[in-house]
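Taken from TrEMBL as is:
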DOMAIN    9-312  domain 'Acyltransferase 3'
TRANSMEM  17-37  transmembrane segment
TRANSMEM  49-66  transmembrane segment
TRANSMEM  86-108  transmembrane segment
TRANSMEM  128-147  transmembrane segment
TRANSMEM  154-172  transmembrane segment
TRANSMEM  178-195  transmembrane segment
TRANSMEM  207-225  transmembrane segment
TRANSMEM  231-249  transmembrane segment
TRANSMEM  270-289  transmembrane segment
TRANSMEM  295-315  transmembrane segment
Amino acid sequence: MSDPAGRLHWLDRAKGAGIILVVFGHAWLGAQAAGVLAPDMLFRTVETVIYNFHMPLFFLLSGVTFEASARRRPLVRGMKDKAIRLLWPLLLWTYVFAGFRFLAGGAANNPEGLSGLLVWPLPPRDHLWFLWALFLIQVLGLLVAVPGKSPRPAWLWLVLALGAGGLVSLPGLPLGPLTVNAALHLGIFLLGIWLARQPPLPSGLPVALKAMTVFVVVQLVSFALPETVLGFQVVAALLLLCFVVLMNAPQGDGGRLGRVLERLGQLSMPIYLAHTLFTAATRIVLFKFTTDATVHLVMGTLAGLIGPVLLYYALRRIASPRLLGF
């Protein structure tokens, strides 16, 4: 489902739901690292359910919008645009977070000394790994998508997706901290390019119920599977296809909840970049009053969503949000 301008409602809704999972997931892990949550079976179950698909989701969605955008620019211009869009926030926010940890001192889960302010942005730290991995993937994508007068056939993107997934699953590949995340998610990104070439996603309640059933079954089966690269990719791909169908199920804009998800999706970059500042600061303040896990999770998640949105709109009043990588 799209509007007259061609914007895909389901894609923005998927981004919105995904960024909520990102913020909650980091609040969940942060609460455990701070001793608020015990590392018990419930903790590990929630962690697995979220991390099975929430970051692969953003690689898939990036793939969906990639080809049409890539072919509008010459190759070198496209690479320059990707560098500005992804490497500038990686550089800036590396030092923003280093400064925050230094100022927070022992109150931070991972405090930094003065030497931490001199850290090199690569290999990327914390959640900023996504920016570097996506940059490497999109540069490879540009090399395939841009040359030539005609777009690549859809079947080629599917073949490349399957090939990338199989290749990275081979043992002994010389992957290091600079390349492993890009290699792990390359197949998912290429799957997104292929998905963009397919007919519109099905919608409606019956389809949503089927997608939800498969989603739950795959999540349950994942707990019985050995931890392998191939298993991770297959599970993620199945979950993602079900998830995007679920996001397309509502008619129109999906009502109030759908509109909220869409707006969060449109602001997913500022939320992704800045949310851990707000969740960590909230946790530090709450520790002075309570160690109740529910309070920490609810308030941390809300702060991680609302804080970056307010920062975005405040910055927009005085300068371009792109200055902060938004």
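All residue numbers here begin at 1 and follow the chain in the order shown.
Every residue, even glycine, has its Cβ placed from backbone N, Cα and C.
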Considering the transmembrane segment (207-225), which listed stretch of 17-37, 49-66, 86-108, 178-195, 270-289 counts the most C-beta pairs under 8 Å: 49-66
Whether the transmembrane segment (86-108) meets the transmembrane segment (270-289): three or more C-beta pairs under 8 angstroms: yes
Stretch of maximal Cβ-Cβ contact with the transmembrane segment (270-289) [cut-off: under 8 Å; candidates 17-37, 154-172, 295-315]: 295-315
Cβ contacts under 8 Å made by the transmembrane segment (178-195) with residues that lie 6+ beyond its boundaries: 55-56, 59-64, 66-67, 122-123, 129-130, 132-134, 136-138, 140-141, 145, 154, 157-158, 160-165, 168, 229, 232-233, 236-237, 240-241, 244
Recorded stretch, among 128-147, 154-172, 231-249, 295-315, maximising Cβ pairs under 8 Å relative to the transmembrane segment (17-37): 295-315
Beyond the flanks of the transmembrane segment (231-249) by 6 or more, those residues with Cβ under 8 Å of it: 1, 9-11, 13-14, 17, 52-53, 56-57, 60, 165, 168-169, 184, 187-188, 191, 195, 201-205, 207-208, 211-212, 214-215, 218-219, 221-222, 225
Tertiary contacts of the transmembrane segment (49-66), as residues 6+ beyond its ends and Cβ separation under 8 Å: 8, 11, 14-15, 18, 21-22, 24-25, 28, 130, 133-134, 137-138, 141, 145, 185, 188-196, 219, 222, 232, 235-237, 239-240, 243-244, 268
For the transmembrane segment (154-172), sequence-distant contacts whose Cβ falls under 8 Å of one of its Cβ atoms, 6 or more beyond its ends: 67, 144, 183-184, 186-188, 190-191, 193-194, 197-198, 228-230, 233-234, 237
Per-residue pLDDT averaged over the domain 'Acyltransferase 3' (9-312), given as an integer: 93
